[in-house]
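Notes for the one structure printed next.
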Amino acid sequence: MASFITRRLIAAFFVLLAATFVMYMLTWAAVDPLRDLREGNAPNKAQLIEARSNLLDLDVPVFFRYFLWLAGVGKCFIGQCDFGTSIQGLPITTLLSQAIGSTIQLVTVAQILAIILGIIVGITTALRQYSGYDYVVTFFSFLFFSLPIFWVAVLLKQFVAIGFNDWLGSPEIAIPVIIGLTVLSGFFWFSVVGGSPKRRWASFAVGAAAAAALLFYFNAVDWFSTPFIGPVGVVLTAVAAAFGVTAVSVGLKDRKALIAALVTAGLGIVAYFPMYYFLSAYMTLPIFVGLAVLTVVVGAVIGFLLGGKDKAASARTSAIVAFVVGGVVALDCHLYWWSAYVGSSRVGGRPIATVGSQTPNLGGNFWIQGIDTFTHLLLPTIAIILISFASLTRYTRASMLEVMNQDYIRTARSKGLTQRTVVVRHALRNAMIPITTIIALDIGALIGGAVITEFVFGWSGMGQLFQKGLNSQDPGPVMAFFVVTGLLAVVFNLVADLLYAALDPRIRVS
Amino acid sequence: MSEINLEQPGPGHTPGVVPDETSIEQRETQGLSQGQIVRKRFFRHRAAVVSMIVLAFVVLLAFTSVGLALPGIRIPGWWQWNWTETPELVDNGRPTLNLVPGPGFGIGVHPFGQDQVGHDIFAVVMRGAQQSLMIMVIVGVVGTVIGVLFGALAGFYRGWVDTVLMRFTDVIITIPYIVVGAVVGRAVGGLGAALLGIFLGLFSWMGLARLVRGEFLSLREREFVDAARVSGASDRRIIFKHILPNSVGVIIVAATLLMASAILAETALSFLGYGVRFPDTSLGLIISENQAAFATRPWLFWWPGLFIIIIALCVNFIGDGLRDAFDPRQKKMPSPKALARAAAKKASKAFSKPATS
């Protein structure tokens, strides 16, 4: 294994080296950093050209200039990166470090959500193959797959941002919308729940009624002006999470795991009150992250101590429940500040932003900053999710179908195992092997794909660095962008290979 | 599967009469050629067939309506405007297309509307669709030819040829497509759509090469290749006459999906300003030029977007249909409902026409 990794690392290094060479030649063929000076008519034109030539080493032939550039980049190994300077003379390392954080913030949330959604929908469509739900999802994933992201972005700005902000002026859900959402929710549950027609129509009725009740409740309490979850909401979601997560992961028959999950949920509910009324005023990012980790750890410990035979599964279940309850509590703390955020002079009652990554000079506490990040991330996140969700759903569905048709699944069924055990324990684990590698490759290609998203949403990250560099005939930022994306692609390629070898014992690395 | 076969009268039960409700897989003994099986399976995929008809209609519409502009020659189309004319604004450029029966029904003077200068948007969108379709096909052809060539050589000869070609593939695949597309487009975008297509094609063959290599690696070990070799066939003959036809399924499917991604990449590049440039036009460029006018003239934005989606969606569905048609493992059994329906139909037929055989 060690020699395999070493050999792959060496190969990856040379591949990256060759790729940077190709890109360097292409970039210098495409841009002409002296053009604006040559076409301009500044009085000291000759000196300006001379200065920039010195700055960018233009007197060295491009082939040798690559090695000068490479020497600078190579200093990264000793901690002194030097990507050269832009045509204005700014060091590119500074520009890069600003851009990288912004892009990572943009793509991480979107990618995580797309992965969770894509896998869940992929699995459910595979389990209900050739149902109405399957056909609807298949059609929409093909549609999303064929959508140009820049076109979607303009639509999102117009209808989600501007439309929603207008609607927030007097937020009342219209009756036709309620009817539509009710039917949609009923259809979803009808399709996802299997079994006899009677059981499915019952789930249709329950799903539709729940949606209708919720929407009428929102209207009644004017929820969208002053959104809240409240103690009742927290209790309801916590108990539902305890039952739901247990039912899917270990089954409700495992009483000890269920009790552990319920105890975790109860502890979360108890912690809600001091959190909401007292602690939330002192929140900072390190405390927030610390509390999140603490929540999950406490959940895992409770699950481990109270669990029955399979302590690890019980610990996992309770940790997930703890995470969900913690998330709901954090959400309610954010919602508490929502009307303050919307009413602030900088936001002016139009919360969903169409461009940029934050409201300038907003101020406010941790929660208000959190809402601000959320409102800016919303549109680009939806756009990215729509596109990556489509391929993830298709892959998960295909992989799951392939596994569900295997002989060992039939064996598991004929032993009399429940559907849950067969799907979650036998099928899902093997179906996830190819998906894991696909996700690893996706992440490697993520930043390169974010160029268009950043452009349309005015997000000042890596993509904009690349684009501005290309437009202003500046090769430095273009190459810096490429080094980062190329490095990510190579590294995650390697990760994908290693994951595959680690997850699938049939693959022998030699 | 066997259960169903027992209930259905098997092929050959009544010689010469094909029971029309059995699936193609159940008629394997009929001796259909590979091409016939693939064609029949493809035509069974309803979405793919509809997509093919729609795509054919779009291609026909785009190329006949405003005609062609080849270097030196200008072939006019049947539409009254072309994409460079600026007729007078009618009704502030609002689209005149009206499909609601009643007064005003018909396509009118400017069915898709006009922009603020007066360009007829139908003509502009048709020209844009022409350009995007052309780039899509060129990228597909160039990418497929290079990919097949590299994959075939690497998979057939293995050894150092394989190492060199596949390491080269690794190098190019490291560069994100949109990045290399932007840099290349920046350099050659102004030189016309055909050249842009060729250059984009030069950087889009990598996935296909890997697939073809895999096919060749497994097919070259098969007996029919050994048989060809001992009967004295040259390497070239083995590659092109024996192995390549056997991997055509993989190639066609991959090429279709390559084209679907090519049209999205081209429109995105044109949108960013690195693709087709003014004075010519492409679907991405129309959207980019008019995105600020969404509030006042939304039709400038709807029509080009709609055409991008139609083309990409059709090509994706055709690719899906082809994949099903070429995949020997795909055995779609009719659902219990369909079987019952077929049985009922047969029973009623037998009742009305008892003496056919």
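Cβ atoms here come from the backbone N, Cα and C positions, even for glycine.
TrEMBL annotations: computationally assigned, not manually curated.
Residues 62, 65-66, 69-70, 73, 470, 473-475, 478-479, 482-483, 486-487, 490-491, 493-494 of the same chain, all 6+ positions outside the transmembrane segment (A:9-31), place their C-beta atoms under 8 angstroms from a C-beta of that stretch. The transmembrane segment annotation in TrEMBL covers A:9-31 (among others).
Per TrEMBL, domain 'ABC transmembrane type-1' is recorded for A:100-500.
Taken from TrEMBL, the feature transmembrane segment applies to A:104-123 (among others). Counting same-chain residues at least six beyond the ends of the transmembrane segment (A:104-123), those with a Cβ under 8 angstroms from any Cβ of the stretch are 137, 357, 373, 377, 380-381, 384-385, 388-389, 391-397, 399-400, 423, 428, 431-432, 435, 439, 442-443, 446-447, 450, 453-454, 459, 461.
Annotated transmembrane segment per TrEMBL: A:135-153 (among others), in sequence order. Within the same chain, residues 121, 125, 379-380, 383-384, 386-387, 389-391, 393-394, 452-453, 455-457 sit at least 6 positions outside the transmembrane segment (A:135-153) and bring their C-beta atoms closer than 8 Å to a C-beta of that stretch.
Look at TrEMBL and you will find A:173-194 (among others) tagged as transmembrane segment.
Residues or ranges marked as transmembrane segment by TrEMBL: A:201-220 (among others).
Long-range Cβ contacts of the transmembrane segment (A:232-252) within its own chain (Cβ-Cβ under 8 Å, at least 6 residues beyond either end) map to 258, 261-262, 264-266, 268-269, 272, 310, 313-314, 316-317, 320-321, 324-325, 328-329, 332, 418, 420-421, 424. Residues or ranges marked as transmembrane segment in TrEMBL: A:232-252 (among others).
According to TrEMBL, the transmembrane segment annotation covers A:259-279 (among others).
The feature transmembrane segment is assigned by TrEMBL to A:285-307 (among others). Sequence-distant contacts of the transmembrane segment (A:285-307) (same chain, six or more residues past either end, CB-CB distance under 8 Å): 256-257, 259-261, 263-264, 267-268, 313-323, 325-326, 330, 366.
A Cβ distance under 8 Å defines the sequence-distant neighbours of the transmembrane segment (A:319-338), meaning residues of its chain 6+ beyond its ends; these are 226-230, 233-234, 237-238, 241-242, 245-246, 249, 261, 264-265, 268-269, 271-272, 275-276, 280, 283, 288, 291-292, 295-300, 302-303, 364-365, 367-368, 370-371, 374. The transmembrane segment annotation in TrEMBL covers A:319-338 (among others).
According to TrEMBL, the feature transmembrane segment maps to A:374-392 (among others).
Here TrEMBL flags A:435-459 (among others) as transmembrane segment. A Cβ distance under 8 Å defines the sequence-distant neighbours of the transmembrane segment (A:435-459), meaning residues of its chain 6+ beyond its ends; these are 102-103, 106-107, 111, 115, 119, 149-150, 153-154, 354-357, 379-380, 383-384, 388, 392, 395-396, 399, 466-467, 484-485, 488-493, 495-497, 499-500, 503.
Long-range contacts of the transmembrane segment (A:479-503) within its own chain (CB-CB distance under 8 A, at least 6 residues past either end) are made by residues 1, 4-5, 8-9, 12, 15-16, 19-20, 23-24, 27, 69, 73, 83-84, 92, 95-96, 100, 432-433, 436-438, 440-441, 443-448, 462-463, 465-466, 469, 509. The transmembrane segment annotation in TrEMBL covers A:479-503 (among others).
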Within the same chain, where does the transmembrane segment (A:173-194) have neighbours whose Cβ lies under 8 angstroms from its own Cβ atoms, ignoring anything closer than 6 residues to its ends? I mean 6 or more beyond. 124, 127-128, 131-134, 200-201, 203-208, 210-212, 215-216, 218-219
